[in-house]
Structures are given as C-alpha cells and as structure tokens.
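Trainee: To start, I am sharing the structure in question, which I have written as structure tokens.
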Amino acid sequence: MSETLFSNDNLSAATPEQLAMIQQLDLQTLSEKYAPLNLQINILSTLLITLLGVLVYLQPWLSLPQTLMLYLPLGLSLFTLLGLGFCGLAYIADKRKRYALRELDLHFSSGLIFQKVLSQPITRIQHIELKRGPLERYKGLASLQVFSAGGAMHTFELPGLTLDTAEHIRQLILQHKDLAQHG
Amino acid sequence: MDSSEPLQDLKHQAHTEDQWQRLSPIAILYFAVGFLRGIFGNVVYLLPALAFSYSSLQKHPYIWLPTITLLISLMFIVAVWSFQVYRFRFSENNVEIRSGIFSKKQLNLPFERIQNVKLEQPIYYRLTGFACLQLDTAGSAKQEAKLVALPLELAEQLKQQILSHKSEPTEANQHEIENNGTNNSTNSVHEQLLNQRSLSDLVIHGITSNRVWIILGGLAPFYDNIAEKLNQTLNSLGIDLKELFNLETHAVWQVTLFALSLTMLVMMLMLSFSILGSIVSFYGYTLSKSANRYIRRSGLLTKHEVSMPLSRLQLVMQKQDWLDVLLKRINLKLEQSNAQLDHASPSAVSNKILVPSITPLQSKALIDDLYPDNQLFNIGFMPISGFYLVRTIGYFLLPIWVLLESFVLYHHNIKVAGVLVGLFAVFSGLFYLRWRRWGVAFDEQYVYLRRGLIGIDYVCFPTYKVQQSQFKQSVMMKKHQLASVKLILASGSVTAPLLPQDVAYKLINHCLYKVESSKISWM
C-alpha cells in the first residue's frame, strides 16, 4: 500500500526504490559568507597564538629556561606555517560543503580527502535547533542542528546557512507530515 | 481476583485521591545503603587524603571511633530525612515524585514517556516483600525516576499499567491493549519461558567473560602493597620469595617453574572472582516472553527484572570471543536505545538484555523468535574488499615493522629480530582473519552484519530501525570504486568498511527507502 504512495523528489523515475538514490542528489551550496568567515576566524586565531608566543619570547620580566628560548622561534614559525596551511585546507573544505533537501530526508556532503555524505530521514528527527554564535549573527548566518535518537555523537548539522534558508528548512521540517505523526 | 482486591484498593487510593503518598519505612534501609554506596563510590577521591593522614592516624589510633560514630549517625540522619521528604502520587497517566534534602526535586513523568520499567529487589527487600520500581525515559538520565519501596504486588500492577499505556491509541495499539487486558488476568499462565541458565552455564560465562581485567585494573594502585603483604605472609610461612627467585642458587628452570605456578595461582584466583561475579549478577537467570514483551530476571543478592517490548529492541548481536569458540558458547545481546549511556548512569548498562553463554542452537532459536523470517545464518554475506589488507598491513603494519626490524638488525640483535618476524606474522594473520570475517548483507526486512577476529559476531536489525546513514569515500577508495557505510541506530552505530561502491549506494538507498516508506516508529 504505502509503496505505491512513496515519493521522494522526482516522480518520473521507474520504481519507488530508484527514487531514493543518494548518488543523484540536487546539492546546494552553503552561504557565500560561510567559508570566508571561517577562514578569517581561523587565520585570526592562528595569528593570535603566534603573537602570544612572540610576546612570551620578547618579554623582559621573566627569565625562561634556556632550551625553551632556543627552540621557541623555530617552533613558533613552524606552528604558524602549518596553521596557515590548515586554514587554507579548511577553506577549500568549507567551499566544498553541500547540502540537499528532499521530500523525506536531509543530506550533507563534506570532506576533502574523505568525502562523506550524511543522510537524515525526517521521520527519525527528534528535535531541531537553530544555533547562532555572535559572529554568525553579525554576518546573518545560522547553523541548523538536527537531533535523532542516534545520540549526541551523531547530531546532523548544516552549518553556514543564511538565516532565511535555515528558518525555511526548519519550518519545512516542523510542518512535515512524518514528524507531525510521531509528535 | 479475590487476592488482588486489597491491592486494587491501595492502587485505587493512590489514583483518585490526589494525595501524596509516603513510602513504607523499610525505605530508610534503602536510603542508608544508598548513602553507604555513595561514600564507597567516592572513596577513590578520598584515598590521597587518607594516605596523607595515615601517619597522624598512627599517633592517635582511637580517632577511628569518633569518625565511625559520626559516619553512622550521619547515615542515619540522611536516611531518615530522605525518607521523610520523599512523596509520590499517581494520577490517571502520570507519576509524580518529590524528593531531595537540600536540592528539592519534583519529577513529573507521563506514562507515555516511560521507555522501560524495571523491577529491582535488593536482598534486604526480599524478606519483607518490597521492590524498587525504576522508570526510564527515552530522554536524559535526569528524568529517571525510582520508586524506592513499593509492595511487590503493587509494583507489579503498576508496571503492567504503565507498560500497557500507549501514547497514541491508534487502531493497532488499541488492539494490543485489549490483548494485554486479557493477558493481565491470566498473566502468569501466559508467560512463556524462553531460556534459563543453570549454574554451570554461569560458571562458563564467568570463565569466558573478561570481567577479571576490570578487577585487575581496579586493584592496580595496590599492587605494591599486595606484593609486600604477600611477601610478608609467605615469609611468616617460611617461604622466602627473594630466595626462591635467586638465579645464583637455583637453576633457571626452577625459577621459571616457580614463576609459572605463581602466575597460575593468581590466574585461578582471578578466575574464581570472575565466576563469582557472573553468578552474582546472573543467578537464577530466566528470559521469558509475555505477549510482545521480553522479560529478563536474574540476580543473587539484588533481583533485577528488565522488561522490554519487542518494538523497543533495536538490534540483536551474537558475540563469540576466542574462549567462547573453544567452549562452543555464545553471548546474545538484545540492545535497546542507548540515549542514556551518554550520562553514564548505572541503570543504562542493564538496558541491554544479555543472554549469557548459550549454545549456538539456543541462540538461533531466540533470534528466530525475536525476528521471524530472518536469514542471518543462511544469507550470503558480501565480503569487504581486499583493499582492507592493503590498508591495514601495507600502509600501517609493514612500515612500522620495517622500521623496527632495520633498527634491530643494525644493532645485530638477531633474537629480537626473530621475535619481530613472529609478531609481524601474528598481526598479519589477525588482520587477515578480521578481513575474512567482515561482511554485510540485507534482504527485504533486515540488515545483517558479520565481523570478528577469531570468533565470529553476527548482528541483525530490522532496516527501519536506522536513524541516520553515512557514506564515506576517500580519494583512494574512489579510484578503486570502494566506499564505507555507517548506519546509525538508537543503540549505536554499525560499520561496513570498503564495500564496492555500488553495493554501498544500494545499501544506503535501501535503508532510507525502508525508513521513509515503512512509517513504523523505531521505538
């Protein structure tokens, strides 16, 4: 009975099971502001730590162990270089994050070396949270957190959505027939 | 029916008059034990302080007396006070509990939110016919409620009432309630015994389960003391360890023999501890079935009863370790939602129903009873790719081994080099076994997973229990057309690594389709 009624996205395909194919998702990009914001935060925090290190090195008040003073410049420059490298990688990774919304499930694809696709059926959602940090608020962004019984370790999160999109998705989920049924 | 009339009265009383009820005074005992347990549970943190004051204690040995008096009176006060402030009441579909000495707690728990009802009977309740009723919710551990002292039969009745209460009275549920209603009157007759464990089974379980290592770990801080004590005791018996192990006076074989027998002695001691632990927790084990509910009862000192409706069962796991393989036994785990484990509450651990050390035939019968028409033992498993061996042995084991080996050979240490070759062979063999065991399969209703090292574990769950899925593929795996699949259930996640890409897609698509089209609730 329910099989004939089953639809997920595109109704023109042949069998119901073929409709639910995650290899043919209509992937959407996150907000344009998300990756640059993350990059800025990452670079700033890396530079801040570097600055702290430099201050420790230059300060005249405390006499630190000789070996520490010897290796500090080397370690610090290594840290800064690696840190900035990671910032670049994270930026590319952020740029590649995508999400997809279908009638019955949400998907999030991410990863640089390890490509991941997370899929969350809407019937299994327990509750949703819209999370906005101070910087996200400043840029008009929001993260959508979706909780299932899979536990806190497996919270499905869509980061870097514009506030409008996030609230739109939230409304879609809250009004979803599958969710309404299970309370 | 006659015998239950006064109980009905009592229940009725609890129902209609919205009066707060008090516990029976026997509960004081319970609170006192709880207090003691709290103290001993935190004794680890107090140890440094105790050790610090040890020297001063030696000067004033009688300080123990006031300390103990103080502790006992404190325990008495806390217990009586806890009992005094504890109130509970039932309404039509609600249980309310007020408790707490310093921080007052008021808990309001609707029946429909209760996921699990457990009956617990500590040894000091058994003589007086009381029981604790533990109510678990799907949510956080903070919302857990425990009715500390109820007459056993009232507790049984409440349990029935709570369990037969359903959140949504749809047609199917109504049907079930009616079924329960008819069952209630002839409850004890309809309960069907599925499995029973004899004492010898429990001894086997004690031998095969490695709870020994927990005890060993717990004793670790005291090793020095124990060794010293042992030495002293042996000395007083006329045995001098230092003398025995002295290579100058004894031959090597003698010393080895002593060491071996000593190790054996310790092992035997540990083994008996393990067997004891197994008997304490599983004594009188029965697994029975009443309507759609599975009930486990066991315990030597504290009798535990866990009751689980079939719909709450998330996954069945048949586990077999290497020792189990030798003894041809199996541990069967019936896992429920794990949400409470995050909070590390002790009751969450017993949320699993474990059927200890059963035979393969019994295990198959049980799995067939839980999941009719499952094909766990006759379905063809899809093996994972041989790339697993390349990844584990080639990328991980081999580089480390080559590095160590060349280092050792550079120092001309042939003996160690030989040992390293042996170790490499053993680990490679283990990785090979792991690869051979790992496989996945699915049919219209269930997903099956096989894995293991020396023994083989089997996992089986209905497809619609999946909460979330994960498809994972590295650049390297993409080149080989491989992908890993992780299925997240309420009881934890299940992983099938390095499947052919099309199989991985097929599995995830199938799961999503089943979840979204079946409309069956996962709990």
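Glycine too: its Cβ is placed from the backbone N, Cα and C atoms.
Pasting the feature list from TrEMBL:
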- B:28-51: transmembrane segment (TRANSMEM)
- B:63-83: transmembrane segment (TRANSMEM)
- B:86-162: domain 'YdbS-like PH' (DOMAIN)
- B:168-187: region 'Disordered' (REGION)
- B:168-178: compositional bias 'Basic and acidic residues' (COMPBIAS)
- B:257-287: transmembrane segment (TRANSMEM)
- B:388-410: transmembrane segment (TRANSMEM)
- B:416-433: transmembrane segment (TRANSMEM)
- B:435-510: domain 'YdbS-like PH' (DOMAIN)
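Could you tell me the structural context for the features on the list?
Mentor: Beyond the ends of the transmembrane segment (B:63-83), by six or more residues, the same chain brings 23, 25, 27-29, 31-32, 34-36, 39, 57, 99, 101 to within a C-beta distance below 8 angstroms of the stretch.
For the domain 'YdbS-like PH' (B:86-162), DSSP puts the residue distribution at 21 helix, 40 strand, 16 coil.
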Trainee: In this predicted model, what is the average pLDDT of the domain 'YdbS-like PH' (B:435-510)?
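Mentor: Computed over the domain 'YdbS-like PH' (B:435-510), the mean pLDDT is 93 on the 0 to 100 scale.
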